[in-house]
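A.B. asks: Just lifted these from TrEMBL, have a look:
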TRANSMEM  31-51  transmembrane segment
TRANSMEM  63-80  transmembrane segment
TRANSMEM  101-120  transmembrane segment
TRANSMEM  132-150  transmembrane segment
TRANSMEM  178-201  transmembrane segment
TRANSMEM  221-241  transmembrane segment
TRANSMEM  284-305  transmembrane segment
TRANSMEM  325-349  transmembrane segment
TRANSMEM  361-384  transmembrane segment
TRANSMEM  404-425  transmembrane segment
TRANSMEM  437-455  transmembrane segment
Amino acid sequence: MVMPESSERHRTASRRANQPQLGARVPLKRLLRVASVACGIQFGWALQLSLLTPYVQELGIPHAWSSLIWLCGPLSGLFVQPLVGHMSDRCTSRYGRRRPFIVAGALSIVLAVLIIGHSADLGWLIGDRGDVRPRAIGFFVFGFWILDVANNLTQGPCRALLADLTGKDHRRNRVANAYFSLFMAIGNIFGYATGSFSGWYKILPFTLTSACSVNCANLKSAFLIDVVFIAITTYLSVSAAQEISLDSSGRSSLVVEDGMGQSSHASEAFLWELFHTFRHFSGYIWVILLVTSLTWVAWFPFILFDTDWMGREIYGGKPNEGQSYSSGVRMGAFGLMFNSVVLGITSLLMEKLCRKWGAGFVWGVSNIFMALCFLSILVVTYVANNMGYIGHELPPNSIVSAALIIFALLGVPLAITYSIPYAMISSRVESLQLGQGLSAGVLNLAIVIPQGVLLY
């Protein structure tokens, strides 16, 4: 529908009136502190991705059903991130637009990891006995779903806050997203290192209980450490942002120029605004969304089953049947730690790579490299299954080394996947009536929809 000229002039004038004035550029040190919250978030993600698929099988859920628990990720991402982005674009809290959501998400993460870590104990208290523990599974799933919602609640506003603080400076926006990716790598390193260590129950002996065996106690201890990480990094981030709240008319003096008039659209329905925005996407934005979606079709199975693959296919074990599976899971977490080291190094080099070859070219090459690494996983699996050691002895060093090398190399395309698409989207939404919070949520739709299809 063509909008009347007078109405269009009114909307343009409204947007200009509501746009904040640009201030001095935010120092890179402050951007670094703001991005640090990604470290605490990703610490918990690393534990979730490396330990929880194996752990839920130890509680008694069959391998074929364990992936269904992860349905909350796509479902919450489908609704939570766009909605939170929309709400944070309009938040009039005196603490700012993004920080209240970051703090609320961090508190939710703390609650979730405490429930997950103590799920076996809670199930035992209300009657769980035997190999299959349905009450513990119930607590676990409840905490797991809260954790997925909390992660989606936190990450979108974090990305949007960085976009706010960099404004229209595309280079600094790439730097800020590279910082975010760097702290994700640091969080991964600490998280996977924590998950690969098998002696936490000795350091924190109170975690070992009648309902919680050694593996469970190690997981519980790891999540208690995560609580400390998320508390420290959230404080560093929100204390550095220095947001200025919107008033009731939508005016703010943030270092950002939103692409939408806050007051003129405050009464519009969220879903209508979201789908109305889709109609005005350029072909460039649709290509970014399509490539992101296809990329995550490949990434999601790896992220979900990486340590489980190491325990089953490389070490030939099964949950609750000997130590082979647990050894493989810990070795997989160790490999993911190397993955995170490479991810962090790549994040530091991201701006130079994009400046030399262009963001689109770097992203395309990284996706080709990712595909080759995944093909290598199939080759290693085939070789391992035909060597004859499975069920009799530990895997030879050559097979374990090959798997670890693949895990490490995948850190390069993963760092680029975590950074470049967000920077490219942020630089293209300025001409649209779309806030940075909602734009991050829209990109997340391209990530979570293929995950939901795969799980289904």
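Note that Cβ sites are derived from N, Cα and C of the backbone, with glycine treated the same way.
Mind running through what each feature is packed against?
C.D. replies: Sequence-distant neighbours of the transmembrane segment (31-51) (same chain, 6+ residues past either end, Cβ-Cβ under 8 Å): 102, 106, 109, 113, 144, 147, 151, 154-155, 158, 161-162, 165-166, 172, 175-176, 179-188, 190-192, 194-196, 219, 222-223, 225-226, 229-234, 236-241, 303-304, 306-307, 329, 332-333, 336, 340.
A Cβ distance under 8 Å defines the sequence-distant neighbours of the transmembrane segment (132-150), meaning residues of its chain 6+ beyond its ends; these are 44, 48, 52, 55-56, 59-61, 69-70, 72-73, 76-77, 80, 105-106, 108-109, 111-116, 118-120, 122-124, 126, 211.
Long-range contacts of the transmembrane segment (221-241) within the same chain, counting only residues at least 6 positions beyond its ends with a Cβ under 8 Å from a Cβ of the stretch, are 30, 33-41, 43-44, 47, 51, 96, 98-99, 102-103, 106, 109-110, 113-114, 116-117, 158, 161, 165, 183, 187, 190-191, 194-195, 200-201, 203-204, 207.
Residues 291, 295, 298-299, 302, 309, 313-314, 353-354, 390, 395, 399, 402-403, 406, 409-410, 412-414, 416-417, 420-421, 424 of the same chain lie 6+ residues outside the transmembrane segment (361-384) yet bring a C-beta within less than 8 angstroms of a C-beta in it.
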A.B. asks: Give the nonlocal contacts of the transmembrane segment (404-425) in its own chain as ranges (CB under 8 Å, at least six residues past its ends).
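C.D. replies: Distal contacts: 159, 170, 173-174, 177-178, 180-181, 184-185, 285, 288, 291-292, 295-296, 299, 302, 306, 331-332, 334-336, 338-347, 350, 354, 359-360, 362-363, 366-367, 369-370, 373, 376-377, 380, 439-440, 442-443.
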A.B. asks: Checking distant contacts: for the transmembrane segment (325-349), what same-chain residues at least six beyond its ends satisfy Cβ-Cβ under 8 A?
C.D. replies: 46, 49-51, 54, 178-179, 181-182, 184-189, 191-193, 195-198, 215, 306-312, 314-315, 317-319, 394, 400, 403-404, 407-412, 414-416, 418-419
